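> First, the structure itself, so that you have it in front of you.
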Amino acid sequence: MKNLLSMEYLTNDEIMSIIERAREFEQGAEPKLDRSHYVANLFFEPSTRTKTSFEMAERKIGCTVIPFEAGFSSMLKGETLYDTVKTLEMIGLDAVVIRAKEDEYYRELLEGINVSVINAGDGTGQHPSQSLLDLYTIYKEFERFDGLTVTIVGDIAHSRVAKSDAIALRRLGVNVNFLCPPEWAGNFEAQYSWDGILEESDVIMLLRIQHERHDVPFSKELYHQQYGLTVEREKQMKEHAIIMHPAPVNRDVEIASELVECKRSRIFHQIHNGVFVRMAILETILKER
Amino acid sequence: MKNLLSMEYLTNDEIMSIIERAREFEQGAEPKLDRSHYVANLFFEPSTRTKTSFEMAERKIGCTVIPFEAGFSSMLKGETLYDTVKTLEMIGLDAVVIRAKEDEYYRELLEGINVSVINAGDGTGQHPSQSLLDLYTIYKEFERFDGLTVTIVGDIAHSRVAKSDAIALRRLGVNVNFLCPPEWAGNFEAQYSWDGILEESDVIMLLRIQHERHDVPFSKELYHQQYGLTVEREKQMKEHAIIMHPAPVNRDVEIASELVECKRSRIFHQIHNGVFVRMAILETILKER
Amino acid sequence: MKNLLSMEYLTNDEIMSIIERAREFEQGAEPKLDRSHYVANLFFEPSTRTKTSFEMAERKIGCTVIPFEAGFSSMLKGETLYDTVKTLEMIGLDAVVIRAKEDEYYRELLEGINVSVINAGDGTGQHPSQSLLDLYTIYKEFERFDGLTVTIVGDIAHSRVAKSDAIALRRLGVNVNFLCPPEWAGNFEAQYSWDGILEESDVIMLLRIQHERHDVPFSKELYHQQYGLTVEREKQMKEHAIIMHPAPVNRDVEIASELVECKRSRIFHQIHNGVFVRMAILETILKER
């Protein structure tokens, strides 16, 4: 695997292989790389989780990380992303992790670039490392995908997590439902009410309301009441069902604040799992270099 | 010691133990930690000294530092400090060093957070690592606290250094005076003129005028004349008395520019001492994890 | 060598010694330093290439890099550059790499500062590490300087690269020409048309149009047609002549986009060479400490 760009390009075997390797890392396995690699993290959008998770994973598999301040680079002087990445390649980097505002920003990097590219989120496109950690979290819980029911709730049209997860989960045999306000469904076929959802879902996957991508004023209370996971709704979930959220969480909007760390919640576990998944992604890519 | 939040929570014994360990580090002692720890520095206010000093101390005791860009984190998307720190904990950090604008920002981190928190300055509250390096600087100079006289001069109401130092110094037997314009005394009992101060002070501790926290226009010349350490005033200091300032210095305001590196000045020594004090703080906290 | 501030202060012997050491590093030589050094990179202007190149070179010769966020330092509170650099010295740094907006910002660091200063660009002044990598690139290509003809094209008045390179190249026996619009010649004697230039130049060195330093609106098409390296002009270059550009490139302004990676172009090679040159600079300076 040279790059990780979109869940669409990963086979089920590749997905399972990353999940299994992540589990080995979580159980203490040592990375299988014969040298230290140089990587940089190019984040053109704010991030806490994904960026620090990659920074941690990179150090844990023995990479040397070259700092790159996206808000203070020569792209301010009009340099293209291609020229920026090519520059990093010539400086000696093995891989770059990129988050950018533009959907499929990586298209311009497919030719002429030898450094490996790991997509850490492209606009409203894909977020494959998040998707892989979601899959790992589900697999750790149920030890299978086939026959599970996952309901993705919220700002689906803007969510790269929804897209990435839906593609992969369906391919792995999961029954995926969507629940959201009618205006947020985008191209997805969604339900507009909770009717029947809590009774049949093994996973309730909440999405962050991306206030920064919406113009229209919005009532947090109303959203919480209609589409949020309230304390009452949590009680109606199936016995072994779990709650997921890619975070950051808008407390008392997508989910009642007191549920964020409840027994069913895997929200902080997802973050913990993410480090091992990213170690697996990096090792898979770097060991072929 | 799990956290370092405020000088109020440290006993005299804990203070002396950090001072003694700092001296050992200055004399070349090796850190006593049985593994490498992961730390991050979350600075939500500008800083040169405190931040780079912690970055240096962390590396000198063998930590791996995970970069965190406060101005480009998910707190921009409304994530709480609790959720940010919990995220870093789940990613695998052992300790976070935090500077934030809010007084006692750490209150929301006291429950549910396992990662150690080191306060690098909270609003107009406390700045315990600065205070400990001030104490170390005074102790190195006089080899005692009891019976010394320290006068703290300047913007006392806004100063976390003044508060942190006064609490600890008084508890250690130091006679602490304050000198400032009447409107800057806050809750402290202060003198408004230099009468008698130079003759009796072993330490003149100047504070930075925090222009960024004042609205009223302000005459630098007038302040220097009335409250600054001028060349003339320095000549009236006691023979072995020293000058301190947490820096950054407003030259020719709090202190005449030519005195910044004069024989009595410990301003740059304080910075040098700070690295060893922070090594001691980090080791004390991390060795219990 | 304590500092690297300007090409004016380097002898030809010092230049050749850095070039030769860079070549050894490119061929796999190990750094000759008996301990790890602490360095910081203070970039007060945006940079991709120079900053990441120094970051890479520092790690490759075994330095520990202390992060410094220029846009979030105490200089925002009015601290002088002198006090900032002195602070870093007291914290234990061996060298600082600085890029700043002011011409000869380093003047205030010449007295009282013991940490080594490496100039990574001062306003419209000098850019010695870029100049040395340009020289290395030319030397690798022709194995000599004497008798070569180099034409520097573009925004000469604003270019620290033009100044740094012209000084050094002429001293090394190179015939240096300038080509630019009349209003951009500054103090240099320049040609205003391509007449005769392509036939005699061994190196065409293009400079970036520094849009951020110009007020007057400017036609990219017109510039390209009159002063750019077009596809047609490239065909008239001498057989072994090469194209250089310090980058970032304004594609289709200074140079036709399709020539950026053409056979004669050394634009990305320059970036690659820069890492070895900066390793040589750092080693030269640090081994004397």
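Using N, Cα and C of the backbone, Cβ positions are placed for all residues, glycine too.
Residues or ranges marked as carbamoyl phosphate binding site by TrEMBL: C:Arg49, C:Thr50, C:Arg99, C:His127, C:Gln130, C:Ala247, C:Pro248. According to TrEMBL, the L-aspartate binding site annotation covers C:Lys77, C:Arg160, C:Arg208. Per TrEMBL, domain 'Aspartate/ornithine carbamoyltransferase carbamoyl-P binding' is recorded for C:2-139. Residues or ranges marked as domain 'Aspartate/ornithine carbamoyltransferase Asp/Orn-binding' in TrEMBL: C:146-284.
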> Tell me which residues of the chain lie with their Cβ under 8 angstroms from that of C:Arg208 (L-aspartate binding site), as long as they are six or more apart in sequence?
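Result: C:Gly154, C:Asp155, C:Ser159, C:His245, C:Pro246, C:Ala247, C:Pro248, C:Val249, C:Asn250, C:Glu254.
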> For C:Gln130 (carbamoyl phosphate binding site), just give me the three-state DSSP call.
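In the DSSP reduction, C:Gln130 (carbamoyl phosphate binding site) maps to helix.
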> Please list, for the domain 'Aspartate/ornithine carbamoyltransferase carbamoyl-P binding' (C:2-139), how many residues fall into helix, strand and coil according to DSSP.
65 helix, 22 strand, 51 coil
> Select from the binding-site residues C:Arg49, C:Arg99, C:Gln130, C:Ala247, C:Pro248: which have any Cβ-Cβ contact with chain A shorter than 8 Å?
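The answer, in sequence order, is C:Arg49, C:Ala247, C:Pro248.
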> Reported as an integer number of Å, what is the Cα distance between C:His127 (carbamoyl phosphate binding site) and C:Lys77 (L-aspartate binding site)?
28
> At the Cα level, what's the spacing in Å between C:Thr50 (carbamoyl phosphate binding site) and C:Arg160 (L-aspartate binding site), rounded?
13
> Using Cα coordinates, what distance in whole Å links C:Gln130 (carbamoyl phosphate binding site) and C:Arg160 (L-aspartate binding site)?
9
> Around C:Arg160 (L-aspartate binding site), which residues of its chain at least 6 apart sit with Cβ under 8 Å of its Cβ?
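Those within reach of C:Arg160 (L-aspartate binding site), by Cβ under 8 Å and sequence separation of 6 or more, are C:Gly121, C:Asp122, C:Gly123, C:Thr124, C:Gly125, C:Gln126, C:His127, C:Gln130.
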> Would you list the binding-site residues among C:Lys77, C:Arg99, C:His127, C:Gln130, C:Arg160, C:Pro248 that come within less than 8 Å, Cβ to Cβ, of chain B, in the order they occur in the sequence, writing 'none' if nothing qualifies?
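Near chain B, the qualifying binding-site residues are C:Lys77.
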> Counting only other Cβ atoms and using a 10 Å cut-off, which of the binding-site residues C:Arg49, C:Lys77, C:Arg99 scores lowest?
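Looking at the binding-site residues C:Arg49, C:Lys77, C:Arg99, the Cβ with the fewest others within 10 Å is that of C:Lys77.
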> With DSSP, how much of the domain 'Aspartate/ornithine carbamoyltransferase Asp/Orn-binding' (C:146-284) is helix, how much strand and how much coil, in residues?
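Tallying H, G and I as helix, E and B as strand, the rest coil: 56 helix, 22 strand, 61 coil.
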> Between C:Arg99 (carbamoyl phosphate binding site) and C:Lys77 (L-aspartate binding site), find the distance joining the two CA atoms and give it rounded to the nearest Å.
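Their Cα atoms are separated by 19 Å.
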> Could you tell me the mean pLDDT over the domain 'Aspartate/ornithine carbamoyltransferase carbamoyl-P binding' (C:2-139), as a whole number?
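Its mean pLDDT is 95.
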> Please report the distance from the Cα of C:Lys77 (L-aspartate binding site) to the Cα of C:Arg49 (carbamoyl phosphate binding site), rounded to the nearest angstrom.
29
> Listed carbamoyl phosphate-binding residues C:Arg49, C:Thr50, C:Arg99, C:His127, C:Gln130, C:Ala247, C:Pro248 - what's their greatest C-alpha to C-alpha distance in Å?
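Taking every pair of listed residues, the largest Cα separation comes to 16 Å.
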